[in-house]
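**Q** The feature active site is assigned by TrEMBL to S747, K790. Residues or ranges marked as ATP binding site by TrEMBL: G413, P414, P415, G416, V417, G418, K419, T420. What TrEMBL records for 270-281 is compositional bias 'Polar residues'. The domain 'Lon proteolytic' annotation in TrEMBL covers 656-841. TrEMBL lists 249-297 with the feature region 'Disordered'.
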Amino acid sequence: MSNDRLAIPDEFPVVEHNSISMPLPAVWIDRFLRYSYYEFLVQEAREAKAPFVFAVMQRQGQNIFPEKEEGLYRTGVVCSVETVDDVEPRVVLFGIYRAKAGRYIKKANGLWVASFMERVVDESEEQFVNEKGDMVINPDYQVPLAGLFLSIRNKLLQLCRECVEFAGQNDADTQGLINLYDNFYNYDFNRRDAIDKLVWEIIFAVPVINPPQKQHFIEQTSLVQRIAGCLGLLELNLDIMGSANRQDAAANSRMQKSRRRPGSDVFENGGSSDAGNSTVDTSRDSSEPDDEDKSFAKTHSVIKKAWERFKKVRNFMNEDAKTVAREDIDRLVSYGSPRENSYEWPKFKRHLDFILDLPWGQQTKEESDIMKVARILDEDHYGLTHIKERICDSIAPRLLNPLGRGQIICFVGPPGVGKTSLAKSIARAMNRKLIRMSVGGIRDETQIRGHDVTYVGSQPGEILREIKRCGVKNPIFVIDEIDKLGHYSTAGDPSSAMLEVLDPEQNYSFKDHYLGCSFDLSKVMFIATANVEADIILPLHDRMDVIRLPGYLEVEKIEIAKRYLVPRWMEEVGLTKNNIQVGWGEESIPLLIRGYTNEAGVRNLDRNIATILRKIAGRYLKSRDKNEAISSFRIETQTIDEILGPVKFFKDKIRPTKVGEAIGLAWTPVGGEILYVQAETYPRLQDKKVLARTGMQGKVMEESDEVAMTLLRNELEKIDPELSKKLQNCSVHLHIPEGAVPKDGPSAGVTIFAALLSEITGWTVKSNLAMTGEIDIKGSVVSVGGIREKVVAAERAGITDVILPKANQRNIHDVPEPVKQKIQFHFVESIQEVIDIAFEKPE
């Protein structure tokens, strides 16, 4: 026979197995060949002369070494001999594929050999289809098979619990099942080979399976039947283990499990080893301190130090954590020293160190003065009055009732508006330590929950690692970019893991897979940040108090630059230290904001100010080196042009509107903008289209175009029937400039209507007027969002009159007072009111 990767011989040495040790395809197994019968095979394997064997089970009722070939099943598994122990007759076998032996031959040395092998291949099934050379699930069967996999996972979880109750969590078979459950979603359930591998691993891991059952799976050529059989096997094991646990509970209902301390005759429950003494000291969870210390007197120095550390923190630990830590200490005692077990010792020593390093009892004394919190927020941030009030409202219950479960705060807003810096200010105001962790792009659940300690290279999750690094159990924990947290993937569901962290009803007993016990996160004040609220998954969103941070207005950016950014960079680059005076022209900072940034926050503004002040520092040093030191500088618009180059962004200023033009107001993530909407007519004979659109209009805006056209036809009948006939004989081209920029949303409806009406009637829309509002086919003007940003953009562009929906009158209080004083607002409910206000009609 031949294989693409391995040269496989025609004959295979046979290794007989029982049901427990029988290898399966894609499964690794250690086998101790302790019988002289296998000495020849072991020697051949060591010399790499026989890298393959044929693993097969004995039929029931046969001796260890069958005298006749009828004592062996015909179908088994071809395995590669991966490693051979140099000391013991131990080999590691890896199942490659299933095969059927044509005949068995017994050699003179007593070793059976299988020959005339025929590979067992699964039959084709309609549940799987070939896609680019890979067998994947047929889309028609994805839902029923997904339900079957979910049932298998649920049964696997139940079986893990039953096995833990029966044999304990550290039992090897139980650990195998737990590892299988933990890695369940690491399998690609769309690929046939991955599903097949999972099925074989479950069959191998279950604690109860008799030879005929296992042989049936080996001979089965239908993967779908093996999947169904796997579910049945799990149910059978559940029944058996559940029954065993019930019997054990009945027999031991008045007994408590106990185990001896290393090196002493005292049990953990405090009772004596004398069977006649049944007294239990319930006032202690362990034996007398002196006896405990004596039990560790002759152990390794590392263990002694660990024991001393454990005694200091155990009074703050929960019972679960005490048990896990004590098990680690006992395990290290059983190993003796690092030299005696160089593989297991460092793994469990790291695990024990991590448990003992966690801040079980350490916490900072927090500030209880809410006025101080408000004062520090005012010192660190300009404006945001409403946001600061919301923050104080969220903090107040924590200060009144420290034992209560506070709400999780989530700041939502564009980049650079101060979400993370607000969290830093809260930490400073409350006298708490700060942890910052970005979860953007996390796709693996283990990055949050950690790996089980039994895995090679296992490590705890990021949550507990940060808590350990911080050293207290009540920090401010900032979770950045929670809207970019990965959802379900083959490596698990990180967003679901984060639910337990952020849910006040659950996080008091957060369980990290690596830790193996629960840790109380209820003292931690979590603050999440996000850029796009809609991208936060709904269950996470429901657990948080969302505080929305809008973009800064130009007037606010100017004040932030003067109060915070310029002084900070003056100090940073050394100008303040050297008494260098830097003055800013009246138009300098506004020019930086309008011409060199296009953002909702102040991140690029901060970067530009830093660039300018670094250049000033360089100029000062050059002048000093020439003995012509300049102690003061003035930054004017010309200076900015020299340092930063030509203006990069051009903010629109209004110009006289033409017939067929109207000015709209748009919201963007970096603030508001004015938007010209243009309409033009042409004879319909040239084009059969009634309405042509350009300017990258989105689906919602296209629907607004259609609504505007319907209203236009109705209004023209009222104004002048001749104009209605004119519309019937022409086509309309609707364009929104800056054609490379996508535009969408319903708020341009009233502006589109005004532009169309202007084009047909010849009336001109007032040049100093802008408008926003959604329209419906009955002529009503309904509310829209982003009023604050839109009005500020209108004022910045020189607009003096703004038409807004009547329903948005309540939003005017969000507009800064200086802006409101410069604009005349017109609140409308119908399109007729828009016509009366917007147009300059001829006499």
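Just so it is clear, glycine is given a Cβ too, placed from its N, Cα and C backbone atoms.
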**Q** Do me a favour and check the Cα-Cα span between V417 (ATP binding site) and K790 (active site); whole Å is fine.
**A** 18
**Q** Look up T420 (ATP binding site) in the DSSP assignment and report helix, strand or coil.
**A** helix
**Q** Roughly how many angstrom lie between the C-alpha atoms of P415 (ATP binding site) and K790 (active site)?
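**A** Per the Cα atoms, P415 (ATP binding site) and K790 (active site) stand 19 Å apart.
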**Q** Distance between K419 (ATP binding site) and S747 (active site) at the Cα atoms, whole Å?
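**A** K419 (ATP binding site) and S747 (active site) have their Cα atoms 28 Å apart.
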**Q** In the structure shown, which of the binding-site residues G413, P415, G416, G418 has the fewest Cβ neighbours within 10 Å?
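**A** Minimum Cβ neighbour count within 10 Å, taken over the binding-site residues G413, P415, G416, G418, occurs at P415.
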**Q** Among the recorded positions K419, K790, which residue has the largest number of other Cβ atoms within 10 Å of its own Cβ?
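**A** Result of the Cβ crowding comparison: K790.
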**Q** What subset of the recorded positions G413, P414, G416, G418, T420, S747 lies within 10 angstroms of K790 (active site), using C-alpha positions?
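**A** Neighbours among recorded positions: none.
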**Q** Have a look around P414 (ATP binding site) and count the other CB atoms within 10 A of its CB, chains all included.
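**A** Counting Cβ neighbours of P414 (ATP binding site) within 10 Å gives 20.
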**Q** Report, in whole Å, the straight Cα-to-Cα distance of P414 (ATP binding site) from S747 (active site).
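**A** Here the two Cα atoms are 21 Å apart.
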**Q** Which residues of the same chain, at least 6 positions away in sequence, have a Cβ lying under 8 Å from the Cβ of T420 (ATP binding site)?
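**A** Residues satisfying the criterion: R436, V478, D480, T529.
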**Q** With the ATP site defined by G413, P414, P415, G416, V417, G418, K419, T420, which remaining residues of that chain have Cβ atoms positioned within 8 Å of the Cβ centroid?
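**A** Near the ATP site, beyond G413, P414, P415, G416, V417, G418, K419, T420, sit F411, T529, N531, L549, A600, G601, R603.
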**Q** Give, as a single whole number between 0 and 100, the mean pLDDT over the domain 'Lon proteolytic' (656-841).
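**A** Per the prediction, mean pLDDT sits at 88 for the domain 'Lon proteolytic' (656-841).
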**Q** Let me check the 10 A CB neighbour count of V417 (ATP binding site). How many other CB atoms are there?
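**A** So the Cβ neighbour count for V417 (ATP binding site) comes to 25.
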